[in-house]
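Student: TrEMBL lists these features:
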- B:GLU49: active site, proton donor (ACT_SITE)
- B:HIS47, B:CYS77, B:CYS80: Zn(2+) binding site (BINDING)
- B:1-105: domain 'CMP/dCMP-type deaminase' (DOMAIN)
Number of protein chains: 2
Amino acid sequence: MARALALAQEAAAKAEVPVGAVLTAPDGSTLAEAHNLTRTLPDPTAHAEILAIRDAAARLGSERLIGCTLWVTLEPCPMCAAAIAEARIARLVYAAADPKGGGVEHGPRIFAHSRHAPEIISGIAEAEAAALLKAFFASRR
Amino acid sequence: MARALALAQEAAAKAEVPVGAVLTAPDGSTLAEAHNLTRTLPDPTAHAEILAIRDAAARLGSERLIGCTLWVTLEPCPMCAAAIAEARIARLVYAAADPKGGGVEHGPRIFAHSRHAPEIISGIAEAEAAALLKAFFASRR
């Protein structure tokens with residue numbers, strides 16, 4: 001999660017919403033890492049999670065990331081939560097909750113409806129991730 | 001929708017789930033078209049809708065596809081429905097409903113929770129789109 005937080009800081013430096021994600025293989029090695037790039041690309045689907053999933057799938061040569069863990073600094077939105085289910089990711093670890101835009105424990109609660117649901121661990125480094133987001137949005141007002 | 005159905009047929013010819021999508025600008029001109037490519041790439045996010053949205057955003061140089069219409073042969077899944085909301089697409093027209101995997105009128109009903117919801121028109125060319133999917137899955141059994 002420390003690496004995901006560093007990626008979120010890189011995003012903020014590019015005026016992108018500071019969210020970072022790391023995908024790890026079953027053996028713990030890093031498969032892919034990314035931060036938001038929606039404005040830079042521009043691509044409305046270029047959230048950190050989607051970019052990491054696409055990169056890892058290309059690297060593994062498989063559309064399914066069996067046994068993999070996704071570490072992300074913010075509760076995934078509905079699009080990303082559904083992509084996590086599509087990719088059959090085994091475990092989702094996220095830092096800060098997102099009551100307004102989240103799709104895991106808020107809003108449509110994607111995994112309550114999907115055929116695949118990962119194990120979910122939340123609240124890891126929550127304060128650091130939330131502080132990054134708060135500072136970013138405060139600086140843009 | 002005729003073009004989206006032709007794209008779905010192209011997908012089936014590549015052993016991809018036969019779903020096709022076309023994105024049109026406010027003036028009715030085509031901005032992007034795509035079909036599923038999840039196995040070919042491989043990329044679990046490479047649904048027809050996501051590929052069309054990414055292509056159109058790159059072409060327009062904007063992460064928001066204001067005023068645009070997405071035509072797709074199957075009810076979008078939760079991932080694609082949420083991407084449609086992220087992209088601020090104005091109108092969604094789809095052919096066949098998807099009671100098992102759909103995220104618009106089924107499952108998490110994404111637009112009931114999202115800050116942006118498109119106008120929705122469904123059932124256009126429904127029989128043709130459903131027949132394509134049925135034949136595809138029957139041929140793989």
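Any Cβ shown, glycine's included, is placed from N, Cα and C.
Help me see these features in their spatial surroundings.
Tutor: Annotation note: B:GLU49 (active site, proton donor) sits in a helical segment as assigned by DSSP. Taking Cβ-Cβ distances under 8 Å and a sequence separation of 6 or more, the neighbours of B:GLU49 (active site, proton donor) in its chain are B:ALA21, B:ALA34, B:LEU70, B:VAL72, B:PRO76, B:CYS80, B:ALA83, B:ILE84.
Around the Cβ of B:CYS77 (Zn(2+) binding site), the same chain contributes B:HIS47, B:ASP98, B:GLY101, B:GLY102, B:GLY103, each under 8 angstroms and 6 or more positions distant in sequence.
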Student: Which one, from the binding-site residues B:HIS47, B:CYS80, has the smallest tally of other C-beta atoms lying within 10 Å of its C-beta?
Tutor: B:HIS47
Student: Please give the average pLDDT for the domain 'CMP/dCMP-type deaminase' (B:1-105) in this predicted model.
Tutor: 98
